[in-house]
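Over in TrEMBL, the protein carries these features:
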- Tyr44, Gly69, Cys70, Ser71, Asp94, Asn95, Asn137, Arg204: S-adenosyl-L-methionine binding site (BINDING)
- 65-163: domain 'Methyltransferase' (DOMAIN)
Amino acid sequence: MSENQPPKKDQVYADPRAQVDAFAFDEGVADVFDDMIRRSVPGYGMTLSLLGIIAQHYAKPGTRIYDLGCSLGAGIASMGSKLDTPDITFHGIDNSQPMLDRCRPNLADVDKRHTVELHCQNIQDTPIENASIVVLNFTLQFIPKEERHELLARICQSLVPGGILVLSEKILFDDPHIQEDLTTLHHDFKRANGYSDLEISQKRSSLENVLVPETIDAHESRLAAAGFARDEIWLQCFNFASFLAFK
Ligand SMILES: C[S@@+](CC[C@H](N)C(=O)[O-])C[C@H]1O[C@@H](n2cnc3c(N)ncnc32)[C@H](O)[C@@H]1O
Ligand SMILES: O=C(O)C(=O)C[C@]1(C(=O)O)C=C[C@@H](O)C=C1
């Protein structure tokens, strides 16, 4: 993602002899993360580019925009590089130092227009205030299920009137046939992007109990319980969906 270096290819799960450990956002993953997420999440590029348009609509002068689980800064770059709203401060939060170490160089354009603060922190401990936009782009799925409500309730309380949450997640389906088919289509997408069957199955094992997806109903019930007045899915690609939630 850095403008100066060619993207590094994700081969984290390509070695047949390697032990498959629980998935972690460590140096090895951070080093190839842009390639990994683009080849793994259908609609990721579209999610990012439309996030820029969403930000132009909902950002309010004198407020903050939070990207919780900002990784390499792709969300902040997409929102901030064209945003003209004055007096915006971006807050990028991630608890992976290897991610944040590689983040700032990707924000050169945003840095010219807005203040950007990066914090290495658990998003569950991050004070959130005066927010017009909060983004959880494929991050809530890594928070223990029973702790998700509290985070969303805090986010809702922090939003200024007219503020929004963008929540993107891998999702589950109640119907086992649909679950099976959309999982197969997701794996077909990965194969079409050059991943081998071994890489797909090793990554699947490593994400087991680390990335815990839920159904659309479960997300929408939690958003309502957390205080959001309404929400809608604005993008879905196979088993990945993004919600817009309004205070
Ligand atoms: C799938 S990545 C997010 C991708 C990124 N939002 C994007 O759009 O490119 C999930 C990120 O959330 C971070 N993360 C997971 N749990 C976290 C937590 N409890 N606190 C802070 N960051 C967390 C990980 O380190 C990782 O960088
Ligand atoms: O590869 C998968 O199966 C995924 O679920 C993709 C996913 C994600 O949704 O966060 C999983 C881990 C990495 O962070 C990148 C992408």
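Quick reminder: no glycine exception, Cβ is built from N, Cα and C everywhere.
Heads up, TrEMBL stuff is auto-annotated, nobody curated it.
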Across the domain 'Methyltransferase' (65-163), what are the DSSP residue counts per state (helix, strand, coil)?
39 helix, 28 strand, 32 coil
At its widest, how many Å does the recorded S-adenosyl-L-methionine site span between Cα atoms of Tyr44, Gly69, Cys70, Ser71, Asp94, Asn95, Asn137, Arg204?
23
Consider only the binding-site residues Tyr44, Asp94, Asn95, Asn137: which of them have a Cβ under 6 Å from an atom of ligand 1? Write none if no residue does.
Asp94, Asn95, Asn137
Listed binding-site residues (Ser71, Asn95, Asn137), ranked by Cβ neighbours within 10 Å, top entry:
Ser71
Binding-site residues: Gly69, Asp94, Arg204 - member with fewest neighbouring CB atoms within 10 Å:
Arg204
Would you mind ranking the binding-site residues Tyr44, Cys70 by how many other Cβ atoms sit within 10 Å of each Cβ and giving me the lowest?
Tyr44
